Amino acid sequence: NVLKLKMKNQSAVKEFILLGFPDVPSIKMTIFVLFLVFYVSTLIGNMIIIITTAINSQLHTPMYFFLSNLSFLEILYISVTIPKMLVNVLLKSNSISFMVCAAQTFLFIALGSIECTLLAVMAYDRYVAICNPLQYIVVMDITSCLSLVCSSWVSGFLNSMIHTVLTFNLHFCSSNKINQFFCDIPPLLKVSCSNTAINELVLFIVGGIYGFGSFITTLISYLHIISTILKIKSKEGQRKAFSTCASHLIVVTLFFGTSFSAYLKPTTREESQEQEKLVPVFYAVITPTLNPIIYTLRNKEFNNVLRKMCRMIFADNTYSNKEIKRS
């Protein structure tokens, strides 16, 4: 009887209702347009980085290899949440099925975990390049780069599997209303009628070890980088050295700052609803949109290559149009 009751409770919720935005048509359409702009901007910005890096041999270096992987990751990351939200607004529906919610949670946590590790890998790459430049080619060869990227993806999916399995083994019998525009662990724990103490403990310990491990690796790398840069006597040399890692440092601060504030804290039902909704928007929407902008605006080498590509494309089009007119 107890087993049947548990199964009944667990199957009581067939779908969840996402309450991320006010149910006011004018506000929802404004949010729809805003998020659509964010989504398209993220796709375009990251595709430009991937394509430019792929077709220019000048950018076939470990740094741009990792940057291309990060750009591909950002496209997947934002695609897990935004399209479903846009479709819901168009269909005037806030529902998401139990299985789709589980899949969305798994992919979102997995891709976020991979980004944690990948950012740490990129920091290590800059550490080797600046602190041990003579060994850079040997240390960061193609085998090492592929191994680091593959390790990031495998560990990210394993980390997500632990949290997703624990979360969706809970009973959701009291409420199916999630105070967010996508399925994520903190709001799911709040609507569960089970004891979530173990989930919160695992989220804090395993997630903390994973997240803080990546953060500490990044921090140590940058402490060595800054120490090495300060030893450079030339101000111009210091500026050039710092410019190669300044963009990454900004991205790291944005991502880790918002992620830690969302996951590595106790889950309280009394938390401000506005705060609960706002923080995920930063790491799920705004950060993926800003990343390509930050990297391209502060990267002279990438900008120079992109300008050359644009000039070549424009010149080819002009030449083709002239040939067509002559014929």
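Glycine is treated like the rest: Cβ placed from N, Cα and C.
Look at TrEMBL and you will find 45-295 tagged as domain 'G-protein coupled receptors family 1 profile'. Residues belonging to the domain 'G-protein coupled receptors family 1 profile' (45-295) score a mean pLDDT of 84 in the model.
The transmembrane segment annotation in TrEMBL covers 29-51 (among others).
Away from its own ends, the transmembrane segment (63-82) comes close to residues 35, 38-39, 42-43, 45-47, 49-50, 53-54, 104, 107-108, 111-112, 114-115, 118-119, 121-122, 125-126, 129, 145, 148-149, 181-182, 244, 284-285, 288-289, 291-292, 295, 302 of its chain (Cβ-Cβ under 8 Å, at least six residues beyond either end). Feature annotation from TrEMBL assigns transmembrane segment to 63-82 (among others).
Tertiary proximity for the transmembrane segment (102-124) is limited to same-chain residues at least six positions away from its ends with a CB under 8 Å from its CB atoms, namely 63, 66-67, 69-70, 73-74, 76-77, 80-81, 84, 96, 148-149, 151-153, 155-157, 159-161, 163-164, 167-168, 182-185, 188, 210-211, 213-215, 217-218, 221-222, 245, 248, 251-252, 255-256, 259, 283-284. According to TrEMBL, the feature transmembrane segment maps to 102-124 (among others).
Annotation comment: TrEMBL describes 136-158 (among others) as transmembrane segment.
Residues of the same chain lying 6 or more positions beyond the ends of the transmembrane segment (201-225) and with a Cβ under 8 Å from any Cβ of it are 113, 116-117, 119-120, 123-124, 126-127, 130-131, 155, 159, 162-163, 166, 185, 241, 245, 249, 252, 256, 259-260, 263-264. For 201-225 (among others), the entry in TrEMBL reads transmembrane segment.
If you look up TrEMBL, you'll see 246-266 (among others) marked as transmembrane segment.
Listed as Cβ neighbours of the transmembrane segment (278-297) (distance under 8 Å, sequence separation of 6 or more from its ends, same chain) are residues 35, 38, 41-42, 45-46, 48-49, 67, 70-71, 74, 77-78, 81-82, 108, 112, 180-182, 184, 247-248, 250-251, 254-255, 258-259, 261-262, 303, 306. The annotation transmembrane segment is assigned in TrEMBL to 278-297 (among others).
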